[in-house]
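Chemist: Structure below; questions to follow.
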């Protein structure tokens, strides 16, 4: 029977083996580009862009109509001008307030649609060498926009199994999270989890 002091290196190796195999693959040299994520929703974002543009035009026209002075009917010289009080919807205060409100709603709809389009990720590609990653977003009207950043500047804020719908991705130097829809395709889940899907302190 082996002595206890001879068995502990074997037990220690058995404990450390999963940790060694789960280390990030940042040092692994890739010979070619590898697709890590893909989710093409070009048609949806085209419709979303048209909807937001239509809403912007509608609310802008409402703001212009509100600020325009209504025509004043011709009245006899001896006619008495009625006092409508401060709640008259034709007063300047109400018209300018309504114009500002309509403009704010239109800007909010346009801004939300633009931001969602620019932060919804269509594909993630790990470049050859494993040190650069290219993110492609849907962009307004589904036209697509891409950029390449060092892998060390990308941090996944949650594991794929921890979120129900959207996977938040943080890129250093860029505001707001980039969103990966979990219904998309992950061709290489292990490589994704060890590279782009890993958490980093940025």
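The backbone N, Cα and C atoms fix where each Cβ goes, glycine too.
For 1-43, 119-202, the entry in Swiss-Prot reads topological domain 'Mitochondrial matrix'. Annotation comment: Swiss-Prot describes 44-64, 98-118 as transmembrane segment. The topological domain 'Mitochondrial intermembrane' feature in Swiss-Prot is assigned to 65-97.
Context for these features, please: burial, neighbours, distances.
Modeler: Residues 45, 48-49, 51-53, 55-56, 58-60, 62-64, 66-67, 137-142, 145, 176 of the same chain sit 6 or more residues outside the transmembrane segment (98-118) yet have a Cβ under 8 Å from a Cβ within it.
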Chemist: Can you tell me how the residues of the topological domain 'Mitochondrial matrix' (119-202) break down into helix, strand and coil by DSSP?
Modeler: 13 helix, 33 strand, 38 coil
Chemist: Where does the mean pLDDT land for the topological domain 'Mitochondrial matrix' (119-202)?
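Modeler: Averaged over the topological domain 'Mitochondrial matrix' (119-202), the predicted model reaches a pLDDT of 93.
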